[in-house]
Amino acid sequence: MTQKTILRALKGETQPVPPIWMMRQAGRYLPEYRATRAKAGDFLSLCYNSELAAEVTLQPIRRYGFDAAILFADILLLPQALGADLWFETGEGPRLSTIGDKAGVSALRPVGDIHETLAPVYETVRILSQALPRETTLIGFAGAPWTVATYMIAGRGTPDQGPAHLLKNTDRAAFQALIDVLVLATVEYLSAQITAGAEVVKLFDSWAGSLKGQDFEDFAVAPARAIIAALKARHPTTPIIAFPRQAGEGYIGFAKATRADCVALDDGISPVWAANHVQVDGCVQGNLAPGHMVTGGEDLVRETRRVVQAFSQGPHIFNLGHGITPDANPDNVARMVEVVRGG
Ligand SMILES: Cc1c2[nH]c(c1CCC(=O)O)Cc1[nH]c(c(CCC(=O)O)c1C)Cc1[nH]c(c(CCC(=O)O)c1C)Cc1[nH]c(c(C)c1CCC(=O)O)C2
């Protein structure tokens, strides 16, 4: 039986001290990340430089001894591998060529061709599976189809995912075709990460919260269920974490409906509510508000203990409710890890 604490939680084991890692743990709040990124040139060059991507993945493990390392890459590399243009505007975020109709979907590269672009990502995974400490679990990831589609349709991040909702509501066939391509491509991408050495994979559906009612079923639940079924058929022992961010009541039953081994929780729901309504079905991950990594102090200690306590009766992986922000203080992260581990 494995000794890795993350894998034990994902098998449903309740542990006296929850394992911990942090979304965006390799990021701009760390001076060593900023130095390596400068060496790589820009963010995308860092993602495709396997040696340097492995290096930034390892930095937070060295500094904090997290129980998991998450592959350094981005959810937007998959659309790029499917033929979208992708670049990052400094200080603003991602920009992509846009898709607005069925012809745009048909013009994408065949799903089988994605590995040509993504090969350096798999190489990063191979390097990491050799370089990580034996107790550290390696997590691979991809964006969920809806979230990735919102960027491919709008060509950028949007506050309300308006352009994606508009296409969904006005040209359902084109929208569904894009989701279908992304389901297939995500299965191939995550499967290749697992073959390269990822021990767990996570599906980030950052904009799931803007899908309401039947749309949530059709475009958050159904694609996750399809991806998870296909991955489980090929890799039956690899656990899968699903993150339908800001799903609210939609978190209830999400693990059962999708067969995810763990549901990651954002900080828009209280830990006690989530323990009663979501953790009853199995492992959960989360959900300290990332703002505490900026503000620190007594609030950080109290709220960290509150999260640990609320989830202490079942399987739990401690994490933030969303990614750590660039203005966070690295000392606050150290304090959080200490408190989770009983300090
Ligand atoms: C929506 C999304 C993206 N990327 C991702 C998501 C889903 C999770 C979420 O909701 O945050 C996922 C992601 N992005 C990154 C990782 C690496 C692993 C980790 O969590 O440490 C992961 C898992 C690196 C990154 N991805 C990005 C950075 C910052 C880039 C830099 O160094 O300048 C990092 C470390 C850039 C990125 N990438 C994306 C945006 C919107 C941005 C710009 C916003 C920002 O600058 O924070 C798309």
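Using N, Cα and C of the backbone, Cβ positions are placed for all residues, glycine too.
Just so you know, TrEMBL annotations never went through curation; they're auto-generated.
The following features are taken from TrEMBL:
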{"type": "DOMAIN", "residues": "19-28", "note": "domain 'Uroporphyrinogen decarboxylase (URO-D)'"}
{"type": "BINDING", "residues": "Arg24, Gln25, Ala26, Gly27, Arg28, Asp74, Tyr151, Ser206, His322", "note": "substrate binding site"}
{"type": "SITE", "residues": "Asp74", "note": "site 'Transition state stabilizer'"}
{"type": "DOMAIN", "residues": "139-155", "note": "domain 'Uroporphyrinogen decarboxylase (URO-D)'"}
Below 8 Å Cβ to Cβ and six or more residues apart, same chain only. Which residues does that give for Arg24 (substrate binding site)?
Gly323, Ile324, Thr325
Other parts of the chain folded back onto the domain 'Uroporphyrinogen decarboxylase (URO-D)' (19-28), taken as Cβ under 8 Å at six or more residues beyond its ends:
5-6, 8-9, 34, 37, 56-57, 59-60, 64, 66-70, 72, 137, 139, 290, 317-320, 322-326, 333, 337, 340-341
Using only the Cα atoms of Arg24, Gln25, Ala26, Gly27, Arg28, Asp74, Tyr151, Ser206, His322, which the record gives as binding substrate, return the largest interatomic distance in Å, rounded to a whole number.
23
Between the binding-site residues Arg28, His322, where is the Cβ count within 10 Å the lowest?
Arg28
Do you know the mean pLDDT across the domain 'Uroporphyrinogen decarboxylase (URO-D)' (139-155)?
98
Could you give me the DSSP helix, strand and coil counts for the domain 'Uroporphyrinogen decarboxylase (URO-D)' (19-28)?
0 helix, 1 strand, 9 coil
Can you grab the distance from His322 (substrate binding site) over to Asp74 (site 'Transition state stabilizer')? Cα atoms, rounded to a whole Å.
15
